[in-house]
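All remarks here apply to the structure that follows.
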Amino acid sequence: MKDEFSFIRSIQPDRHHQPTVVAGIGDDAALYDAEEGFHEIAAVDTLVEDMHFTKKTMTPFHIGYKALAVNVSDIAAMGGRPVYYLVSVSVPKSGSWSEAELQEMYKGMTVLADEYGVDLIGGDTNATNDKLVVSVTVIGRVEKGVRLLRSNAKPGDVVFVTGPVGSSAAGLHYLLEGDDCPEHYLKAHQMPEPQVSAGRLLAQAGGRIALNDISDGLASEANEIAEASGVTVEIDWSRVPHDLHGETDEYVEKWTLFGGEDFQLIGCTGQQTWERLTESFEKNGQRLIRIGRVVEGKREVFLLKNGERTVLKKGGYNHFVKGD
Ligand code: ADP
Ligand code: MG
């Protein structure tokens, strides 16, 4: 990068979506008004080249898109809508990333940002010795009183997801193998859609709901809810939705349960709220799929498959541990 200031100027948006911005990029810090009657939500995620993404499977545009998408997904998992983001980028001194590629990365972010009306209001530009590091902070808002916490699950709850899982992992697999990759796997890996509108419907339902976004895999996120809520979660394998066609059972199981990065939402709620939710989701033409239930017990997750009940660990499916 020749000149940091001209680079910042080149990625600076020329207008804002949010009327609450007082001063965005260009001062010491961003200044904006809070909104009466809303909680503010903040999330940050850092992506490190060759650890969280690789240029082998993602263009700079996709890397930018996804860096913002993972954060917007965290806002969705709190039922909020995203309003601002800030980007810290550390650029390899080796020159392995050109200024044009960095601008492409910002374009990827802008495409998603424009879709959701999110404004870039600041960031930081640094150098690294080795790989690109991009850290995105997103600020969102949700109506006061809405708390879609992962500690909210209770025995008797329905467990649901907002859509199919496993396609992102399938995309990564095909791309790394150098094989032809079906288009919808490619899209799931490179341009995942954060579930903001589903999160908003959940926030508006007004009931007790536990919610997580599926970044690390269904098994992992279900375990997070079980741990935080002090309950047992049971997942019915036959109900877990996926779009994996023509794949072996082994891969289908691995990708859907442990793949992650599809950024669907997983949640738990009581029967009454569930009924309201199925109505509101149907009215909006959106999916909400029941995949299991919450029962009393230790903080664990079980997979019900072919009449067997096996412990589903965060990182792997243990075929040999039988539940009681
Ligand atoms: P300071 O020295 O006050 O931190 P900087 O020169 O780092 O100022 O940044 C100047 C302005 O540009 C600030 O508003 C900052 O938020 C913004 N900015 C810097 N780097 C980036 C970046 N990579 N992406 C977006 N905004 C950035
Ligand atoms: Mg700075």
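In case you wondered, yes, glycine gets a Cβ from its N, Cα and C as well.
Any TrEMBL annotation is an automated prediction that lacks curation.
Copied over from TrEMBL:
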BINDING   Asp28, Asp74  Mg(2+) 4 binding site
BINDING   Asp28, Asp74, Asp213  Mg(2+) 3 binding site
BINDING   Asp45, Asp74  Mg(2+) 2 binding site
BINDING   Asp45, Asp124  Mg(2+) 1 binding site
BINDING   His52, Glu261, Tyr317  substrate binding site
BINDING   Tyr106, Gly123, Asp124, Arg150, Ser215  ATP binding site
BINDING   Asp216  Mg(2+) 5 binding site
DOMAIN    26-142  domain 'PurM-like N-terminal'
DOMAIN    154-302  domain 'PurM-like C-terminal'
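Taking Asp213, Ser215, Asp216, Glu261 as the candidate binding-site residues, the subset whose CB lies under 6 angstroms from any atom of ligand 1 is empty. The binding-site residues recorded for this entry are Asp28, Tyr106, Asp124, and the Cα of Tyr106 lies nearest to that of Glu261 (substrate binding site).
A 10 Å cutoff on Cβ-Cβ distances gives Asp45 (Mg(2+) 2 binding site) a total of 19 other Cβ atoms nearby, all chains included. Counting only residues at least six positions away in the same chain, the Cβ atoms of Ile8, Ile25, Leu86, Val87, Ser88, Val89 sit under 8 Å from the Cβ of Gly123 (ATP binding site).
Among the binding-site residues listed (Asp74, Tyr106, Arg150), Asp74 has its Cα nearest to the Cα of Asp213 (Mg(2+) 3 binding site). Each of the binding-site residues Asp74, Asp124, Asp216 was scored by other CB atoms within 10 A of its CB, and the lowest score goes to Asp124. Counting other Cβ atoms within 10 Å of each Cβ, the lowest count among the binding-site residues His52, Arg150 belongs to His52. Asp124 are the binding-site residues among Gly123, Asp124, Asp213 whose C-beta comes within less than 6 Å of an atom of ligand 2, given in sequence order. The record assigns Tyr106, Gly123, Asp124, Arg150, Ser215 to the ATP site; their largest pairwise CA distance measures 32 Å. When the alpha carbons of Asp28 (Mg(2+) 4 binding site) and Asp124 (Mg(2+) 1 binding site) are compared, the span between them is 11 angstrom. On the 0 to 100 pLDDT scale, the domain 'PurM-like N-terminal' (26-142) averages 97 in the predicted structure.
Of all the binding-site residues in the list Tyr106, Asp124, Asp216, the shortest Cα-Cα distance to His52 (substrate binding site) is found for Asp216. In sequence order, Val70, Ser73, Glu221, Gly260, Glu261, Phe263 are the residues of the chain that are 6 or more apart from Ser215 (ATP binding site) and have a CB within less than 8 Å of its CB.
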